[in-house]
Amino acid sequence: MSTPESINWPAPAKLNLFLHINGRRDDGYHELQTLFIFLDHCDWLRFHINNSNQIDIRPDLADVPLEQNLIYRAAMLLKQHSSQPLGVTIELDKRLPMGGGIGGGSSDAATTLVALNHLWEINLSVDELAELGRQLGADVPVFVRGHAAFAEGVGERLQPVEAPQKWYLVLVPECHVSTAEIFRHQDLKRDTPKQSWNELAQGNWHNDCEPLVKKNYPEVEKALRWLIEYAPSRMTGTGACVFAEFEHEHEAREVLARMPTWLQGFVARGENVSPLYVTLQQVYARND
Ligand SMILES: C[C@@](CO)(OP(=O)(O)O)[C@H](O)COP(=O)(O)OP(=O)(O)OC[C@H]1O[C@@H](n2ccc(N)nc2=O)[C@H](O)[C@@H]1O
Ligand SMILES: Nc1ncnc2c1ncn2[C@@H]1O[C@H](COP(=O)(O)OP(=O)(O)O)[C@@H](O)[C@H]1O
């Protein structure tokens, strides 16, 4: 029988199939409309719980001090909801590129909240976990809730949607794009009119950050220029990753096989239900 220790918890990537920026609020945050889906391409976390009152993460993340690691911050936030000396050692198998616009850090945080809520027996509701997630970053709640969603406001108003299931080829340019830097930039386009979900569901999607990121990061421009020869292509989030959509896996793999050595990428299936929730259901079923 498997023990809680032997479970690998997925932290899936996301794509923003579109990212429309509708304006800027007085506090500097941006009003946006975006469509989140998950990918079956994940970081993997293993949780060894104990009573040490300590949070350890192995291995260290290069360039991210422990106190800034979103996994550590998520565990510390959750721990405040118990009076016990809760501790954990977390093994992280990091596969998602950092600063790539596919949400690896936010997803790691969400998986930590969901898994430790169960393993530490804290039993917060999904709404309470999503609220903790919101304190860590704009993208954490969608990963906590675990369903593809149309997001509005500054990203906090989520409406679950069913996106058609497709395959994606994601290219990972060799650069990190800072979300804060892009949102601060004076040349960012911020005037896409708001539309209803019914209008947006018809298509005509774009990413308002893409022209600026292409201009400032030649690696992104080069990757898009290569990919667009094979299929309509777009950037996710504030970059740097770019993606193309395919009906069938073999079509995406054929393009992957043609990828020149100066590019890196992967093929993944789009998911409406996060792989995290598939794992959580399996854990519940095992405990019944
Ligand atoms: C815009 C998205 C789309 O998915 O970009 P990616 O990070 O995925 O590339 C996200 O919502 C980002 O979420 P996340 O990366 O969690 O952002 P946060 O840590 O909350 O904010 C980083 C910085 O981005 C800016 N920011 C973020 C969200 C927003 N609606 N308006 C903003 O202006 C703020 O300056 C903030 O300081
Ligand atoms: N566990 C984590 N995984 C990835 N990045 C993290 C993590 N904890 C903190 N960070 C910080 O968050 C930044 C954004 O990470 P990530 O979520 O991967 O990118 P994006 O928001 O562009 O999709 C990283 O550059 C890193 O400094």
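Yeah, the Cβs are placed from backbone N, Cα and C, and that goes for glycine too.
The following features are taken from TrEMBL:
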type: ACT_SITE; residues: Lys14; note: active site
type: DOMAIN; residues: 69-146; note: domain 'GHMP kinase N-terminal'
type: BINDING; residues: Pro97, Met98, Gly99, Gly100, Gly101, Ile102, Gly103, Gly104, Gly105, Ser106, Ser107; note: ATP binding site
type: ACT_SITE; residues: Asp139; note: active site
type: DOMAIN; residues: 196-260; note: domain 'GHMP kinase C-terminal'
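Scoring each of the binding-site residues (Pro97, Gly105) by how many neighbouring Cβ atoms lie within 10 Å, the top position goes to Gly105.
Closeness to ligand 2 is met by Gly101, Gly103, Gly105, these being the recorded positions among Lys14, Gly101, Gly103, Gly105, Ser107 whose Cβ falls under 6 Å from the molecule. Of all the binding-site residues listed here (Gly99, Gly101, Gly103), it is Gly99 whose C-beta has the fewest other C-beta atoms within 10 angstroms. Cα of Gly105 (ATP binding site) to Cα of Lys14 (active site): a span of 11 Å.
Packing around Ser107 (ATP binding site) is summarised by its Cβ count: 30 other Cβ atoms lie within 10 angstroms of its Cβ, all protein chains included.
Counting only the Cα atoms, the space from Pro97 (ATP binding site) to Asp139 (active site) is about 16 angstrom. Taking only the Cα positions, the spacing between Asp139 (active site) and Lys14 (active site) is 10 angstrom. The closest partner of Lys14 (active site) among the binding-site residues, by CA position, is Gly103; the full candidate set was Gly99, Gly101, Gly103, Ser107. Screening the recorded positions Lys14, Pro97, Gly101 for a C-beta under 6 A from any atom of ligand 1 leaves Gly101. For the recorded ATP site, residues Pro97, Met98, Gly99, Gly100, Gly101, Ile102, Gly103, Gly104, Gly105, Ser106, Ser107 set the reference point as the centre of their Cβ atoms, and the other residues of that chain within 8 Å of it by Cβ are Ala13, Leu96, Gly237. A helical conformation is recorded for Ser107 (ATP binding site) in the three-state DSSP classification. In the three-state DSSP reading, Lys14 (active site) counts as strand. Put plainly, the active-site residues Lys14, Asp139 were compared by Cβ crowding within 10 Å, and the winner is Lys14.
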